[in-house]
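> Let me begin by handing over the structure; questions about it come next.
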Amino acid sequence: MKASMFLALAGLVLLFVVGYASESEEKEFPRELLSKIFAVDDFKGEERGCKGFGDSCTPGKNECCPNYACSSKHKWCKVYSGK
């Protein structure tokens, strides 16, 4: 009886996954999402004259974007807390 309940539940889960996948293909959601992500990355790379979070920097120079500061310990831009 436990095995039949497990198989029935597994079948319902499989049906749900297949239905969701076919609906997502119709909307082309994954491709659209990826294209938007890469478009945002390209935009940031062209427009930014300063370094953002996690970018390598030289302590003492003002290379990081506003609200970021160059960490002298790690030598990358991090969020500036004002302390």
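Glycine residues also receive a Cβ, built from the backbone N, Cα and C atoms like all the rest.
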> With reference to Swiss-Prot, specify which of the listed residues CYS64, CYS65 is paired with CYS77 by a disulfide.
CYS64
> For the C-alpha pair, I'd like the distance in angstrom between CYS70 (disulfide bond) and CYS77 (disulfide bond), rounded off.
4
> Take the signal peptide (1-21) and find every residue of the same chain, 6 or more past its ends, with a Cβ under 8 Å from one of its Cβ atoms.
none
> When the number of other CB atoms within 10 A of each residue's CB is tallied over all shown chains, which of the disulfide-bonded residues CYS57, CYS65 has the maximum?
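That would be CYS57, with the most Cβ atoms nearby.
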> What does DSSP assign CYS50 (disulfide bond), in three states?
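Looking at the DSSP assignment, CYS50 (disulfide bond) belongs to neither helix nor strand, so coil.
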